[in-house]
Amino acid sequence: MQKILVEGGNPLKGKVRVSGAKNSAVALLPAAILAESKVIIEGLPQISDVDILAQLLEEIGGSVSMQGRTVHIDPSNMVSMPLPNGRVKKLRASYYFMGAMLGRFKKAVIGLPGGCHLGPRPIDQHIKGFEALGAKVTNEQGAIYLRADELRGARIYLDVVSVGATINIMLAAVRAKGKTIIENAAKEPEIIDVATLLTSMGAKIKGAGTDVIRIEGVDSLTGCMHTIIPDRIEAGTYTILAAAQGEKVLIDNVIPQHLESLLAKLREMGVVIEEGDEQLLVQPGKELKSVDIKTLVYPGFPTDLQQPFTSLLTKATGTGVVSDTIYQARFKHIDELRRMNAQIKVEGGSAIVSGPVQLEGAKVKASDLRAGAALIVAGLMADGVTEITGLEHIDRGYEQLTEKLTNLGANIWREEMTEEEIEQFQNS
Ligand SMILES: CC(=O)N[C@H]1[C@@H](OP(=O)(O)OP(=O)(O)OC[C@H]2O[C@@H](n3ccc(=O)[nH]c3=O)[C@H](O)[C@@H]2O)O[C@H](CO)[C@@H](O)[C@@H]1O
Ligand SMILES: C=C(OP(=O)(O)O)C(=O)O
């Protein structure tokens, strides 16, 4: 088990290349189940979520060959094997095996998913969608059993705008008989990416990226080649890092339009950002001013950037109020930031950040993926050395984090934890 050590204070400069999008990759891999011949996906991020999904595809009989960032998946020998426990719990996106296996085999048994602990994360809208398509869905001892004689297209109104439910229903509906309409669908770029892959496989989907998606079911889907979009959350994290501790940082392989809400807030704080076609050049302004943020569904401010943004606010002058309307309890990073001298109060579902303060290095624990990103931002700004444990979360979503930051001039490295530290970590 490892920990990250960061010595704060070094100015970041140079170029960083953003990897493929985690939240696309984790849906594109299960989507390959729906094809009847080889699917090739290029530009995958090298993160643990991708490795685990590849293993799950093999567990159901898929032939998976990973060559660098390109994966070749031959789904022809896959079977509807139950996946009740084990790896399924290590990540959130294993829930996409429900939609994909239901679409192809009309049956599946999948354990309830894991993923970041952000308060309650129900999957009732996924289930409502599968039932509307004709599936019988039961929850037996922590596993979801899905079975349908046939899937029939349906009109499905999502009560909550959900990325996962939108994608999962799309995965099943592409193989249903007739037309499915998903209303109040989520509009995240990753949904368009999945729809693009499915369309290349022969699916008929209109409206992905809007709040009404229309799908005409088809009898079969074939293999294809697909290149994944860049990770807007990783790009946003580096943009925040550059605003916090940058001199001049060029962020490469980014779609600036995917980050409009973040860029608007950073500019409001005084950060200077130039947008190219696929690049952002970020320079901190003379003084950072506090702003308020409220997370919303896309294209609003992403909840996945709320935590790293909170760390940045500790450096800004004034008071900033951070409200998360998607996950009201996504504030586990705050106690850790307080250990580092941050002045933050949590009141009624909002974090109130007072600044500027000089953060101090401390021993802290990442409780989830973006809490980890928040601690990295804080550690790079802090006086002295910050020790971060809980790397299994960070490794789910950030490829080569320490290497990318070292290239930008950060003093950051990994070390093996001692047995005593591991014991303390497990008991904390
Ligand atoms: C693998 C993946 O893509 N993860 C992302 C996805 O998670 P995920 O797909 O799990 O998040 P959703 O978009 O589904 O959740 C949005 C909101 O809807 C609620 N909800 C969701 C489904 C449901 O059936 N019932 C329900 O009430 C959730 O509790 C949450 O409050 O979108 C989140 C919101 O942008 C991001 O933080 C995650 O990074
Ligand atoms: C919450 C996240 O991931 P997941 O849904 O995979 O847990 C995230 O990427 O910030």
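Even glycines carry a Cβ here, placed using N, Cα and C.
If you look up TrEMBL, you'll see LYS22, ASN23 marked as phosphoenolpyruvate binding site. Remark: ASN23 (phosphoenolpyruvate binding site) has ALA93, VAL163, GLU188, GLU190, ASP231, ILE233 as non-local neighbours, by Cβ distance under 8 Å and separation of at least 6 in sequence. Following the DSSP three-state reduction, the secondary structure of ASN23 (phosphoenolpyruvate binding site) is helix.
What TrEMBL lists as UDP-N-acetyl-alpha-D-glucosamine binding site is ARG92, ARG121, PRO122, ILE123, ASP124, GLN125, ASP304, ILE326. Neighbour count (other Cβ atoms within 10 Å of the Cβ, all protein chains): 24 for ASP304 (UDP-N-acetyl-alpha-D-glucosamine binding site).
Summarising the annotation, TrEMBL assigns active site, proton donor to CYS116. If you take the C-beta of CYS116 (active site, proton donor) and look for same-chain residues 6 or more apart in sequence within under 8 angstroms, you find ARG92, ASP368, LEU369, ARG370, HIS393.
The 2-(S-cysteinyl)pyruvic acid O-phosphothioketal annotation in TrEMBL covers CYS116. DSSP assigns CYS116 (active site, proton donor) to coil in the three-state reduction, placing it in neither a helix nor a strand.
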Secondary structure at ILE123 (UDP-N-acetyl-alpha-D-glucosamine binding site), reduced by DSSP to three states: coil
Listed binding-site residues (LYS22, ARG92, ARG121), ranked by Cβ neighbours within 10 Å, top entry: LYS22
Distance, LYS22 (phosphoenolpyruvate binding site) to PRO122 (UDP-N-acetyl-alpha-D-glucosamine binding site) (CA atoms, angstrom): 21
Nonlocal neighbours by CB distance (under 8 Å) for ASP124 (UDP-N-acetyl-alpha-D-glucosamine binding site), same chain, sequence gap 6 or more: none
Rounded to the nearest Å - Cα separation of ASP304 (UDP-N-acetyl-alpha-D-glucosamine binding site) and LYS22 (phosphoenolpyruvate binding site): 12
Contacting recorded positions, sequence order - ARG92, CYS116, ARG121, ILE123, GLN125, ASP304 vs ligand 2, Cβ under 6 Å: ARG92, CYS116, ASP304
C-alpha spacing of LYS22 (phosphoenolpyruvate binding site) relative to ILE326 (UDP-N-acetyl-alpha-D-glucosamine binding site), in angstrom: 19
